[in-house]
Amino acid sequence: MQVLQGAEARAALTRTFSQIPVPDAVLSRIEQTFGERLTPEQVVERILLDVRARGDDALRDWTERLDGPRPAELEVPAAELEAAQVAPELHAAIRLAAERVRAFYRQQPAHGFLEHGPDGALGQLVRPLGRVGVYVPGGLAPLISTLMHTAVPAQVAGVPDIVVTTPPGKDGQVHPAILVAARELGLSRVFKVGGAQAIAALAYGTASVPAVDKIAGPGNLFVVIAKRLVYGQTGIESLPGPTETLVVADDSASPRYVAADLLAQAEHNGAEPVLVSVSRELLLAVQAELNEQLENLPEPNRSWARDSVGARMKVVLADSLDEALDLANLYAPEHLCLLTRDPWSLLGQVRRAGGVFVGEASMEALGDYVAGPSHVMPTGGTARFMSPVNVRDFQNIISVVGVNEETLRRIGPAAATLARAEGLEAHARAVESRLK
């Protein structure tokens, strides 16, 4: 285990904001699928253009080519949605998670204001978006939590129309847990479409899939590229990349808990776990725990986690907790876990993070599911300037200007002066026409 310190640690935790590396396996699959060497961007551009031109037919073709059987119908029938069942324990967990996420976001201030005073009326109107598309990744398992952690804030924001897209399984069907979660949230439109083709459908619309005002939800490299390319045609909430967790720990932390929290994220494909501690003894103890816990993980989780730990994990020895928090802010992690003797005393020093998990009872894995805040958080250092999914992501703010004539006469001449300074004579004359 290489332990970084000082300038070496700062250099390792400074983001370069380079493109996400493309694994050789992805490039090989692209060549097998398309019969030529293409970049992921070229693949996505081809899919977007095709869906925009051919609509539902293109969706069926790409789904058959990339995901499995050709879908006869793109939308999950209402009867299938109503009939979906899961084990009672899972259904109860879905219900609890939805309730807690909804309760959390109902506390977020999301109202406008309109002040009537001597100047007239000035204010802001807050209006929900008309239609939102929620993308739920498929892949190896149904990401039930992503649906709840994305759709519920949109519902609390007042969005009247929410549609869901998710890749079908190899049997051509949407996993029943996704359908149960959608039903629990009162969502009635779920489409069996994934990948870049789903993003294209939500952005441009097809005969079956309605175009939306904003697309929300994480996805693989192709989904992220597609969201970036359709931005402007529709809105996007973020461009989430591989997950990351930075743990700040002192000598009071349990090596078992620290290792468990690091591995909880390391089992995600491409994850980057980071440990910053003021105790060399803890670092050594965590290394031993990581080895033991890795061996006890089932496959394929063990291989995924071992890859993340071996290829991307960073271990830092800080001189003080102040330095540890400074390094955390430099890194701007998606998840920041504080496992120290007095974690609440450090909260005031946190300036850049998607989410902060305070104390050993508040493990990040809890936040992934039932704590309350959305787990869709900024990655890749974008927590410097972006926020987790929240109610404001699904609302418009409209400025209201309603000054009276007395105020116009007082401030209008200044407006005309500024307009002429900018070379905009018609602006100045529009103001002066009301002053005569």
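Cβ atoms are placed via backbone N, Cα and C, with glycine included.
The Cβ of Glu334 (active site, proton acceptor) lies under 8 Å from the Cβ of Thr243, Glu244, Thr245, Ala353, Gly354, Gly355, Met377, Pro378, Thr379, Ala383, each on the same chain and at least six residues away in sequence. Among the features that Swiss-Prot reports, active site, proton acceptor is placed at Glu334 (among others), with the record citing sequence analysis.
The number of other Cβ atoms within 10 Å of the Cβ belonging to His335 (active site, proton acceptor), over all protein chains shown, comes to 28. Sequence annotations record features per position, and here Swiss-Prot assigns active site, proton acceptor to His335 (among others).
Annotated NAD(+) binding site per Swiss-Prot: Tyr135, Gln197, Asn220, in sequence order. The Cβ of Asn220 (NAD(+) binding site) has 21 neighbouring Cβ atoms from other residues within 10 Å, across all protein chains displayed.
DSSP assigns His268 (substrate binding site) to coil, not to a helix or a strand. The substrate binding site annotation in Swiss-Prot covers Thr243, Gln265, His268, His335, Asp368, Glu422, His427.
Taken from Swiss-Prot, the feature Zn(2+) binding site covers Gln265, His268, Asp368, His427, and the record attributes it to sequence analysis.
Reported as a whole number, the C-alpha separation between His335 (active site, proton acceptor) and Gln265 (substrate binding site) equals 10 Å. DSSP assigns Tyr135 (NAD(+) binding site) to a strand.
Each of the binding-site residues Gln197, Thr243, Gln265 was assessed for Cβ neighbours inside 10 Å, and the highest tally belongs to Gln197.
The DSSP secondary structure for Asp368 (substrate binding site) is coil.
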